[in-house]
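*Asks:* Sharing the record's features from Swiss-Prot:
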REGION    10-26  region 'N-terminal'
REGION    10-18  region 'Interaction with TRIB3'
MOD_RES   14  phosphoserine
MOD_RES   15  phosphoserine
MOD_RES   30  phosphoserine
MOD_RES   31  phosphoserine
MOD_RES   78  phosphoserine
MOD_RES   81  phosphoserine
DOMAIN    98-161  domain 'bZIP'
REGION    133-147  region 'Leucine-zipper'
């Protein structure tokens, strides 16, 4: 069984990105466990392990989406107030479901195929970038060689001039 690489490296995430991912994960876990009610994060290891074992795979569908900047979904109301938690979570879930069905209809592919297609497109884009950088590198090498020859010629001319001045 081969390990699949992550879409990002651990060193590339800033602290605010990690915090946003953590908050998103807590929201998903709390909405799945309590069917939309807001709870505080689990306090002990037993509760944490229970929350991970009771997850519905559909609640983790956000993991298959393309990584990008985290969306800000905070409102001015307190996050655990009954009015805001139930209505905003329901609205967010509805919007996410509509967005996913639109994406699937537009692409005409399953999420796994769309993910593979994105990976293939990214790989092709990376190959194009490598080719462009190789061309630029070669051009810069030629420019360095030209400038080196020019500096050597100028240096020789300067030395000749200084020698001729001392002889005269």
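Numbers here mean position along the shown chain, with the first residue as 1.
From the backbone N, Cα and C atoms, a Cβ is placed for every residue, glycine too.
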*Asks:* Counting only residues 6 or more past its boundaries, what in the same chain has a CB within less than 8 Å of a CB in the region 'Leucine-zipper' (133-147)?
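*Replies:* Apart from its flanks, the region 'Leucine-zipper' (133-147) reaches none.
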*Asks:* About how far apart, in whole Å, are the alpha carbons (Cα) of residue 15 (phosphoserine) and residue 30 (phosphoserine)?
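*Replies:* Given the Cα positions, residue 15 (phosphoserine) is 22 Å from residue 30 (phosphoserine).
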*Asks:* For the region 'Interaction with TRIB3' (10-18), what is the mean per-residue pLDDT, to the nearest integer?
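*Replies:* Within the region 'Interaction with TRIB3' (10-18), the model's average pLDDT equals 65.
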*Asks:* If you count the C-beta atoms lying within 10 Å of each candidate's C-beta, which of the modified residues 15, 30, 31 ends up with the smallest number?
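*Replies:* So among 15, 30, 31, the modified residues given, the one with the fewest Cβ atoms within 10 Å is 15.
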*Asks:* When the domain 'bZIP' (98-161) is classified with DSSP, how many of its residues are helical, how many are strand and how many are coil?
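*Replies:* The domain 'bZIP' (98-161) comes out at 61 helix, 0 strand, 3 coil.
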